[in-house]
Amino acid sequence: MAKSGSLSIRVVEGRALPAKDVSGSSDPYCLVKVDDQVVARTATIWRSLSPFWGEEYTVHLPLDFHHLAFYVLDEDTVGHDDIIGKISLSKEAITADPRGIDSWINLSRVDPDAEVQGEVCLDVKLLEDARGRCLRCHVRQARDLAPRDISGTSDPFARVFWGNHSLETSTIKKTRFPHWDEVLELREAPGTTSPLRVELWDWDMVGKNDFLGMVEFTPQTLQQKPPNGWFRLLPFPRAEDSGGSLGALRLKVRLTEDRVLPSQYYQPLMELLLESVQGPAEEDTTSPLALLEELASGDCRQDLATKLVKLFLGRGLAGPFLDYLTRREVARTNDPNTLFRSNSLASKSMEQFMKLVGMRYLHEVLRPVISRVFEEKKYMELDPCKMDLNRSRRISFKGTPTEEQVRETSLGLLTGYLGSVVDAIVSSTGRCPLALRLAFKQLQRCVEKRFSGIEHQDVKYLAISGFLFLRFFAPAILTPKLFDLRDQHADPQTSRSLLLLAKAVQSIGNLGQQLGQGKEQWLAPLHPFLLQSISRVRDFLDQLVDVDEDEEAGGPACALVQPSTIVREGFLLKRKEEPGGLATRFAFKKRYFRLSGRDLSYSKTPEWQVHTSIPLSCIRAVEHVDEGAFQLPHVMQVVTQDGAGTSHTTYLQCKNVNDLNQWLSALRKASAPNPGKLVACHPGAFRSGRWTCCLQAERSAAGCSRTHSAITLGDWSDPLDPDAEAQAVYRQLLLGRDQLRLKLLEDSSLDTEVDPGRDSSATDGPCAEVLAQQRAATTHLLQVLEDLEQAHEEFQKRG
């Protein structure tokens with residue numbers, strides 16, 4: 001039984017942060033750590049004590065993780081960043097409420113003695129002889145200790161306490177992965193029982209030693225199950241700091257843990273779901289999909305939609321699934337102006353489908369224009385209430401401009417950017433994924449059939465543009481970081497420019513139906529350009545759905561990442577491991593990397609025809625590298641194995657911590673199916689005849705640090721896993737099981753009220769046949785859920 005977990009994290013905002021700069025303000029950002037591994041960094045909000053981030057992350061991780069931490073720092077352009085405070089959440093605290101955490105949490109001070117990490121390997125034996133008890137503690141090694149020295153390492157030693165006695169190991173200099181292999185023996189008087197405590201310290205020549213962590217074992221543990229293995233280091237027990245003086249963060253955190261059964265156990269549920277999409281949708285109230293839509297609340301509907309879309313994508317049935325939901329939605333809609341405007345399961349499913357299969361397409365269309373807006377930083381404003389004439393003067397004019405001058409200049413800039421956006425969209429038909437085009441064609445046909453009158457001639461266009469423009473292009477323009485179009489959020493001026501562009505794209509997506517209405521009359525100068533663009537968009541939508549329905553969108557089961565699909569690309573600094581070579585920072589060379597569904601390739605420039613490729617099937621590990629290995633930050637390693645079984649390591653330096661984590665995540669997901677993955681590797685470099693991490697002298701020595709192949713960031717390129725998605729659907733149905741049982745009772749009571757001698761067609765309530773179908777479908781579904789629940793219990797007992 002496979003085990004998986006994912007953390008949904010939203011860093012919303014901060015309040016009442018302390019000032020760290022002489023100006024009386026701060027430049028705060030937030031680091032997100034999972035078990036001491038940095039997985040994300042928010043943008044820096046300049047000159048603010050109440051920053052708004054609004055950043056979301058999904059982290060896939062193993063079930064044995066321990067804690068999640070948020071560190072708030074003040075960015076300094078010179079010197080080290082100042083630590084403001086931290087929030088630490090244990091796994092138990094996150095799972096205490098099934099809905100997760102959604103609240104303001106006070107920041108607490110960062111106590112160096114509480115900042116511990118890593119593990120220690122011990123083998124403890126309790127012996128008895130005529131002189132009393134003897135405890136033999138074999139201190140083997142430790143790994144991933146906290147760096148306490150400026151070099152990014154420590155000088156660790158272990159101190160063992162038992163009763164009134166204590167002993168120390170030797171000190172090993174400049175390593176976070178010490179190998180002691182020392183046996184310490186302590187004696188205790190007969191008749192006494194004492195706990196065992198092992199502390200790790202960093203030795204300092206000047207000043208006091210720094211605490212690295214501790215483990216403690218009760219007398220009962222020593223007697224019944226003497227410790228032997230790896231043990232996680234813990235901080236000294238201390239009183240909790242209620243905080244408040246350092247400000248607070250508003251966080252949303254939810255942990256989802258699943259134990260995924262073998263595929264055959266989900267087959268009955270899958271058959272029920274597949275039967276749903278193959279049956280009539282308009283009056284369906286009995287299928288599992290119809291019941292799921294009824295049970296799903298607004299809060300979880302988006303997550304459910306994502307799981308269902310992925311499940312049917314993995315089965316090659318995303319088209320029929322979306323068509324089923326579309327037919328249900330259209331049949332229930334009387335006013336075409338409200339079609340797909342709600343957050344129904346149909347709307348959310350189509351929205352998630354666009355993000356899953358169309359993200360690469362979105363990047364190709366919008367990235368060039370978005371990059372121009374960020375880089376050129378032009379001032380644009382049409383609203384006279386928001387015009388800043390002084391800013392316009394600094395940027396565009398020699399003298400003091402008038403509102404009319406600002407409006408004319410802004411209109412020219414805005415139409416220029418908007419023209420580039422429209423040109424990119426209407427010329428992108430050939431780049432739009434086939435699966436998306438087929439889904440839009442089915443959508444248009446269904447809408448056209450329902451609203452066929454001449455007065456509804458635009459509805460077939462609005463149905464598509466409502467998704468493609470209003471739920472895809474416009475949100476990506478408004479918040480490009482959330483769609484991975486930029487690494488940072490926009491500054492206020494650029495954000496306003498993006499808002500104006502997004503409003504214009506929304507107006508085009510609405511086919512100009514609301515032009516001249518509402519309070520934003522200041523957009524009137526833009527109307528001629530918008531009306532001109534709308535006719536081009538209609539032609540584009542006609543071309544988009546002009547596709548042969550017999551074509552298959554990626555075969556029987558559609559993969560999100562095809563072999564030729566570029567998942568990630570950009571410049572990195574590269575260095576290959578060379579036996580006998582000098583591990584210096586000058587050995588890194590700038591290369592342009594592309595990660596596809598087939599390989600990791602690189603060349604001197606993006607246009608360079610000659611490139612070197614690393615097949616994904618050869619990758620055995622993708623891991624962080626300690627900063628001290630090359631005196632460089634943000635370095636990772638890709639460990640590969642050739643046909644002869646020889647290992648090779650390529651070191652890559654990324655531009656920042658987010659770039660590093662995104663490359664790590666993308667490479668780990670791309671190489672996830674590979675056999676023979678390494679369970680440990682070296683986070684350092686081999687130079688001067690030894691590894692910089694663990695100081696071992698053999699180049700071929702076994703790795704000293706565990707690999708983290710299971711830790712990845714969730715995004716559109718996540719591999720499809722139908723079993724995991726089926727498990728998520730089962731979990732959602734399980735939450736609504738009581739409602740299903742209540743529905744079954746209601747249907748049964750209604751059925752008894754139907755007069756058998758009366759024609760069912762004349763009955764005011766539901767007919768007997770429909771009630772019987774509902775009761776049978778609900779009973780069948782409840783039985784499937786019960787069978788799955790029993791299977792989980794059986795596997796739980798075995799494990």
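Glycine is treated like the rest: Cβ placed from N, Cα and C.
Confidence across the domain 'C2 1' (1-105), taken as the mean pLDDT and rounded to a whole number, stands at 91. Positions annotated as domain 'C2 1' by Swiss-Prot, on the basis of sequence analysis: 1-105.
The Cβ of D21 (Ca(2+) 1 binding site) has 13 other Cβ atoms within 10 Å, all protein chains considered. The feature Ca(2+) 1 binding site is assigned by Swiss-Prot to D21, D27, D74, D76, with sequence analysis given as support.
According to Swiss-Prot, the feature Ca(2+) 2 binding site maps to D21, D74, D76, D82, an assignment based on sequence analysis.
Annotated domain 'C2 2' per Swiss-Prot: 116-231, in sequence order.
Within 10 Å of the Cβ of D210 (Ca(2+) 4 binding site) there are 19 other Cβ atoms, across all protein chains. Taken from Swiss-Prot, the feature Ca(2+) 4 binding site covers D149, D202, D204, D210, and the record attributes it to sequence analysis.
Sequence-distant neighbours of D202 (Ca(2+) 4 binding site): residues of the same chain at least 6 apart with a C-beta under 8 Å from its C-beta are L145, R148, D149, S154, D155, P156, N209, D210, F211, L212. Under the three-state DSSP scheme, D202 (Ca(2+) 4 binding site) falls in the strand class. According to Swiss-Prot, the feature Ca(2+) 3 binding site maps to D149, D155, D202, D204, an assignment based on sequence analysis.
Per Swiss-Prot, the feature domain 'Ras-GAP' maps to 316-544.
Under the heading site 'Arginine finger', Swiss-Prot lists R341, citing sequence analysis as support. Around the Cβ of R341 (site 'Arginine finger'), a 10 Å sphere holds 12 further Cβ atoms from the protein chains shown. For the recorded site, R341 (site 'Arginine finger'), the DSSP three-state label reads coil.
Positions annotated as phosphothreonine by Swiss-Prot: T400.
The annotation domain 'PH' is assigned in Swiss-Prot to 565-672.
Each residue of the zinc finger (674-710) gets a DSSP state, and the totals for helix, strand and coil are 0 helix, 8 strand, 29 coil. Under the heading zinc finger, Swiss-Prot lists 674-710.
The Zn(2+) binding site annotation in Swiss-Prot covers H682, C693, C694, C704. Residue environment of H682 (Zn(2+) binding site) contains 25 other Cβ atoms, counted within 10 Å of its Cβ in all protein chains.
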Can you give me the residues near the recorded Zn(2+) site, meaning same chain, not H682, C693, C694, C704 themselves, Cβ no more than 8 Å from the center of the site's Cβ atoms? T175, F177, P683, G684, W691, T692, L695, Q696, A701, G703, S705
D82 (Ca(2+) 2 binding site) to D76 (Ca(2+) 1 binding site): how many Å between their Cα atoms? 7
With every protein chain in view, what's the tally of Cβ atoms within 10 Å of the Cβ of D74 (Ca(2+) 1 binding site), excluding that atom itself? 19
Count the residues of the domain 'PH' (565-672) that DSSP assigns to helix (H, G, I), to strand (E, B) and to coil, and report the three numbers in that order. 24 helix, 49 strand, 35 coil
Pop the Cα-Cα gap between C693 (Zn(2+) binding site) and R341 (site 'Arginine finger') into the table, whole Å please. 56
Roughly how many Å lie between the Cα atoms of D27 (Ca(2+) 1 binding site) and D204 (Ca(2+) 4 binding site), rounded to a whole value? 33
State which of the following binding-site residues has the fewest other Cβ atoms within 10 Å around its Cβ: D82, D155. D82
Residues close to Ca(2+) 2 site centre defined by D21, D74, D76, D82, Cβ within 8 Å: K20, S26, D27, L73, E75, D81
Does C704 (Zn(2+) binding site) have same-chain partners at least 6 apart in sequence with Cβ under 8 Å from its own Cβ, and which are they? Q141, R143, F177, A680, H682, P683, W691, C693, C694, Q696
